[in-house]
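What TrEMBL says about this protein:
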type	residues	note
SIGNAL	1-18	signal peptide
DOMAIN	34-358	domain 'Sulfatase N-terminal'
BINDING	ASP42, ASP43, CYS82, ASP292, ASN293	Ca(2+) binding site
MOD_RES	CYS82	3-oxoalanine (Cys)
ACT_SITE	CYS82	active site, nucleophile
ACT_SITE	HIS145	active site
Amino acid sequence: MSFSVGALLLCACAAFWARPPGCTGSFLANQTGPNILIMLMDDMGWGDLGVFGHPSKETPNLDQMALEGMVLPDFYTANPLCSPSRAALLTGRLPIRNGFYTTNAHARNAYTPQEIVGGIPDSELLLPELLKKAGYVNKIIGKWHLGHRPQYHPLKHGFDEWFGSPNCHFGPYDNKERPNIPVYRDQEMIGRYYEDFKIDQKTGEANLTQMYLQEALDFIEKQHLKGQPFFLYWAIDATHAPVYASKPFLGISQRGIYGDAVREIDDSVGKILAYLRQQGIAKDTFVFFTSDNGAALSSGPKEGGSNGPFLCGKHTTFEGGMREPAIAWWPGHIPAGQVSHQPGSVMDLFTTALSLAGLQPPSDRMIDGVDLSPVFLQGKVIDRPILYYRGNEMMAVRVGLYKAHYWTWSNSWAQVEQGINFCPGQNVTGVTTHDQEEHTKIPILFHLGRDPGEKYPLSVISAEYQDAMRGISATVLQHKETLIPGEPQLNMCDLAVMNWSPPGCEKLNKCLTPPPAKPWKCLWTH
């Protein structure tokens, strides 16, 4: 179908029926695979781009990318928080399988702050490890967030190069109670945020996005000159609070500092795509743009984005926390001006990338990602469910146009009283609950085509409810019968494991003395 910006919001809530996850085929099994570039934003919402309906229309390059490629309005993360989402993308597996969850409390969002002891297990096979088999050179630029201790670093898990940080750019800290976050070049730190990589707390000025842009351009040029296929994972974090932008972009958006960051990202995406064309490798490079979770409405209004018509935001399993902006671009292969309502997931990028590289996914484990290459290249539709996990609990399931909530929870009353609200201005009685509410016997059911904002539950006595729940219940039963949870990696914390003395600190005279080890069970409040 031809692309229509005006029709996007109307189209955004259509979907299709599902088949079991993990289906795949090697689409380019007998051909040389393309370069693969995944652009993963941080806390960017579904509604932040002009092409997805934001009234500011301040993303001309991303909007042009959409015009030249395929928009996927029904694309999801695997978890409404950064670390589990990234683990799912790079393993093709739900966080409940790959270990990026906690059992310390029910349905809690857990991630990898400095004090976390765990990280991505060696038993997990990451996308760059597998792409090496097809001769790819792999680089990560930006935030890793799968464990900051050396054994968990990207170069231990298939990446050949790294410029970025293991954690968020929180700070500054005093280097006594808590160290400043290190920035790495490959295996060694080259400085710390706020000390060597400045972020102005008052103005939001930082040059990090420009650094990440130049790193991308340099890597692309180097691999192109070598005739080397590459995988570039461009995981920048400017739209995660504290939001930042470089000086030329400060104050240019009508949306404030968050909009400034979005405009700089948009400009950077435009320059990367233009460079691929300039080098003559645009037709040899598959590019996918998306985000790790919904916009952090609790950081708003100054530092939070937009989730469009959807309910709530980051941390929640309502649509605003899980549905992401998504654009696929591959000139000469993906027909221009397409909108696909294929339900997709960040986990699909794992399986799709392997297929494009002529590789099969591992057969010794459950892979949740689906190969979307027939969707991109042939306009096909693949049946599959979407599972909405929060920590160790499956909160909801989408099958076709219907979404059933088995548990509801936004965040606690205690947090709301402190001014922390994951659903500001959005109160749906019996849905946006501030206590964990179980609905496993009688799920709350929405039709996302008619009701994308999840405001009008279907009557449980209606024939529509009964018919839809029969299919959903069968999907849930199949999932739970085959689910084998991984060993939880996000249960234990210890101040002694923070970034006191990262590899390379001695060369910079930046090693710090850690406190004695005193591990405890991490407290996850939401």
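Just so you know, glycine gets a Cβ as well, placed from its N, Cα and C.
These numbers come from a predicted model, not from an experiment.
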What are the non-local neighbours of ASP292 (Ca(2+) binding site), defined as same-chain residues 6+ apart in sequence with CB under 8 A from its CB?
LEU40, MET41, ASP42, ASP43, THR77, CYS82, SER85, ARG86, LEU89, GLU324, VAL346
My understanding is the cutoff is Cβ-Cβ under 8 Å with a sequence separation of 6 or more in the same chain; which residues meet that for the residue listed as 'active site'?
CYS82, SER83, ARG86, TYR111, THR112, PRO166, ASN167, CYS168
Mean pLDDT, the domain 'Sulfatase N-terminal' (34-358)?
98
Across all the protein chains here, work out how many other Cβ atoms are within 10 Å of the Cβ of ASP43 (Ca(2+) binding site).
28
Excluding ASP42, ASP43, CYS82, ASP292, ASN293, please set out which residues of the same chain place their CB within 8 Å of the center of the CB atoms of the Ca(2+) site, keeping sequence order.
MET41, MET44, LEU81, SER85, ASP237, HIS240, SER291, ALA296, LYS314
